[in-house]
């Protein structure tokens with residue numbers, strides 16, 4: 001069983017997916033973490049982490065590194081780098097690198113391989129998860145929230161250098177990039193359960209989703 005969660009950046013996908021995983025005893029995967037790890041690989045290869053590298057160069061770098069999945073996390077060369085990928089510098093570049101078709105193909109293949117060779121149930125979150133990666137998943141969710149709310153959430157999560165206004169601009173720019181991507185653009189898929197989380201807490205959102213999920217299972221019996 002796969003529960004797929006889609007939606008824009010900072011809409012609550014990761015927090016909600018993690019909590020649902022605990023409540024439902026499902027394994028949690030974030031495709032966004034994979035793209036962030038790849039962005040970290042790119043940044044480590046450059047003298048100036050604000051520069052960008054070409055798609056071909058990045059594809060070659062990925063081959064030189066080992067990205068694996070273990071205990072609910074993607075590892076880079078055996079190291080859990082989560083504390084190195086959730087920052088403003090990664091935020092600024094990840095949407096650029098995730099627009100490379102070759103990079104998206106690698107990430108999508110990696111995600112499908114993890115699920116294919118496992119008998120576990122999964123909650124997988126990320127942009128285009130419901131439309132491209134797992135469009136056939138049994139339960140599809142699209143989480144949304146206003147830009148102001150999403151910026152405030154990210155501001156509270158981070159101790160970075162960006163102001164609230166700068167975060168709003170960053171999220172608007174990223175939304176624009178994600179919605180205009182040639183491949184894997186951000187959009188609603190057919191049969192998705194849409195939920196605006198702007199003024200809902202984590203518990204409320206999870207309760208709504210679980211109620212909808214259980215109702216769906218009853219109807220399909």
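Cβ from N, Cα, C; glycine included.
These come from Swiss-Prot:
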type	residues	note
BINDING	7, 8, 9, 10, 11, 12, 13, 14, 15	ATP binding site
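Excluding 7, 8, 9, 10, 11, 12, 13, 14, 15 themselves, the residues of that chain whose CB lies within 8 A of the CB mean position for the ATP site are, in sequence, 16, 125, 143, 145, 150, 197. Taking the binding-site residues 11, 15 in turn and counting surrounding C-beta atoms within 10 angstroms, the largest count is reached at 11. Of all the binding-site residues listed (7, 9, 13), 9 has the fewest other CB atoms within 10 A of its CB.
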